[in-house]
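S.K.: Below you'll find the structure I mean.
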Amino acid sequence: MRKPIITLCLLALAALPIAAQEAADQVAPEAAGAGEVVGAAEVRAAQDAKAEGMPISAQRWMVAAANPHAVEAGARVLRQGGTAADAMVAVQLVLGLVEPQSSGLGGGAFLVWYDAASGELTTLDGRETAPLEATPRLFQDDNGDPLDFFDAVVGGRSVGTPGTLALLQAAHDRWGRAEWSGLFADAIRLAEDGFAVSPRMAMLVSGDAERLGRQAAARDYFLPGGVPLAEGTVLRNPAYAATLRLMAEQGAGVFYTGEIADEIVAAVRGAEGNPGVLSEVDLAIYTVKERAPVCMSYRAHEVCGMGPPSSGALTVGQILGMLASYDLAALGAESPEAWRLIGDASRLAFADRARYMADADYVPVPVQGLLDETYLAQRAELLRQDSALAEVRPGEPEFDHSLNWADDGSIELPSTSHISIVDSFGNALSMTTTIENAFGSRLMVRGFLLNNELTDFSFRSHRGGVPVANRVEPGKRPRSSMAPTIVMKDGKPVLVVGSPGGSRIIGYVAKTIIAHLDWGLDVQAAVDLPHLVNRFGTYDVEAGTQAEALTGVLTSMGYEVNARALTSGLHAIAIGEDLKGGADPRREGIALGE
Ligand code: GLY
């Protein structure tokens, strides 16, 4: 039960009033303002550890996310006795400012929560929804042919009803201890005082200048005077600060009805050249959905994550389920045979994903059948050969409905952000959050970008008269690849992990779990381990790493191999006698703990 709110510090908004006396016992707010409770030296030490490939160790709590400012905000909350849910709110609000290309108020998210008090796992679905006026032909031209990807993305057509803020509020209502408004403090301060544009943000702005330049608000913010923001520029976002102040004072409801909702709708419907169909009703009826976690047994662990509308847990689970009968530990991380098994298990799982996985509220998804041990053992038998599978087709999972779906053709490009948190109460949180493509729809309202999540639907609605499961339908949630994961052993969490990366998320997360559980790598080494990702086409090996050394042998096995940058953003926390945090060297994040 909630205890009365106590106020800890009136001096700075950055102070965190904690709504529980026992939490307050752990709080040590600095008299001069809690904004200072995480020091620059701590951040530098975390960056140095990452550069050296060393995990961060801690005893009580840990937070890992994609930008140091955001991690600092989360660490402050945790240090002051907040829960993982409290810290997640602070982290997300800062990410929306300092990493606006990846996630924010205009997007959606999935959250997996382990509750230490009850021992239960819960998942919350804050995915964007298709507007009620949307039809299966949303992304088709007058002839029924799919639009080009970026013709669909930029503008209003791709914008789904955002779910992130509703998810933050839902998680805070259920598992928060800190006062809601205090969690906005760091984001408001940074938005008003300014923050230095990071190298990655500057690089992405520069690369996207033409598309950002098509939308007035995004142009003014990201290309002031027509010039892309340079790394190190001190950037202020007073519009975002004002928006946050309203939400801090009035709660998430202020986003879904009233002036903000009206402005979102006007931006979407009024987008020049590519208007969308989002309406005030779509925002007013938006709901966060609690869903059963989807778990797969693997090496005496339960790998648990987000079920439909995400394909994340199902596809990661299928890959691991097929690999369970193979001794990857004996083969080792440098074995071509191990990567053949992983690559073809992944191809088989992606074939099922393309046929069967979509929003289960709209199309029956054979969740049990797809993870059934006997079914996966049969699929795994296909791997008993020396070379790449010549042909990969969807299987026939056990199911009690008609399964007459055509394969889909959705395009997912890397984007998104992942937050992993363990708090001092033993709760664990894994949340992947997105506005889809980098900079989403490029439409900006009140200091934040609107998503292009609807392009995660299949642009093709039918093939040969057979409907695609992941076609657009009014109110439906587009299929995701996001795979926020908590690995359990004996009923307790042992690993929190997730990543951005479009449909490659699935490969990044599966690899990290295998590297940690089978190959015994610590979380930082498991995150660092070079990627080899096979979805359904080429075998992608991470350019400039040891993975490239496997090119010859994988080619001789029959794969088409493609060396390319594989920019995951893995953030992982291993929970054992102590906490170990790992942050992806491919991005700018860190792990901090105490
Ligand atoms: N838009 C990224 C995903 O949901 O997978």
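Note that Cβ sites are derived from N, Cα and C of the backbone, with glycine treated the same way.
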S.K.: Which of R127, R137, R157, R174 does TrEMBL put in the same L-glutamate site as D456, S480, S481, G502?
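M.R.: Site partner of D456, S480, S481, G502 for L-glutamate, according to TrEMBL: R127.
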S.K.: Taking Cα-Cα distance, which of the binding-site residues R127, D456, S480, G502 are within 10 Å of T416 (active site, nucleophile)?
M.R.: G502
S.K.: L-glutamate site residues R127, D456, S480, S481, G502: biggest Cα-Cα distance, Å?
M.R.: 15
S.K.: Helix, strand or coil: which one is G502 (L-glutamate binding site) in, per DSSP?
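M.R.: Where G502 (L-glutamate binding site) sits, the three-state DSSP reduction gives helix.
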